[in-house]
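See structure below.
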């Protein structure tokens, strides 16, 4: 019996090692192919974008200078509008559409892409109202004052309302740096919040939703909202001394991406939310955004053994991945 047990343990270890090497080969293939495609099309893409940017650059510069003239001497108002109200408008517009589906189950074209089938069909209205109140509190009682507090530091470092708009290539560089800084800060702050010392008193609030919806991306304890939502997103612009235009686009993009990660639907042609959805389901896997640090720290090993991992791809068709890659019969029971 002991020999059989050792043999089974050896077989399991071999399978696990094989899975890891297989994942590494797939990762290398995907990254290598992506790099080749990137190099092949880079010159063509940048040429077209630069042509568009060059053609429209004067127009946007003129609009920006007009805004500066309107708010001359009160640039802080312009900063607050651009850094909070414009991203907030994107957030609530997108979540408004998702909430229609969450509360009515219609249109069926969207609801059929639900990741956790049978959950939030429809969403609990009492729980939803409580969550929306918390989200509004976080946005207007925490985020807004924090952005106001940030303004003097940005103005001292580089003046976000300076007259000249950033170039297209500079914004792309900023976007890469913002993303990397947010990934590092979010991963470690998020993982720290899962420590028993902090989880029960702080992070458990966010995990009340084991099947997340888009609007709860900002549903969190105030401490978590500052440490894990705001600071990772704000650190990049602060380090780079960014222009308000870059800050507005980055904050808007960050809110849209986190909404997609929490929305509960794996929709065609949008980034896959399977990674973070699985985190809400299991709690102890998939702490990051990009998944790079999870791979390095081994906090996605269980996830990689699931059907959710197989479905963690960009959906390029209209057949839901829950149908083309269904759960095993054992999981469906």
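From the backbone N, Cα and C atoms, a Cβ is placed for every residue, glycine too.
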50-75, 76-101 - the one TrEMBL records as transmembrane segment:
76-101
In TrEMBL, which of 6-27, 28-49 is tagged transmembrane segment?
28-49
Please count the residues of the domain 'Fatty acid hydroxylase' (176-299) that DSSP assigns to helix (H, G, I), strand (E, B) and coil.
86 helix, 1 strand, 37 coil
Long-range Cβ neighbours of the transmembrane segment (76-101) (under 8 Å; 6 or more residues past either end):
67-68, 107, 110-111, 128, 139, 143-144, 147-148, 151, 154, 160-161, 213-215, 218, 244-245, 247-248, 251-252, 254-256, 259, 263, 265
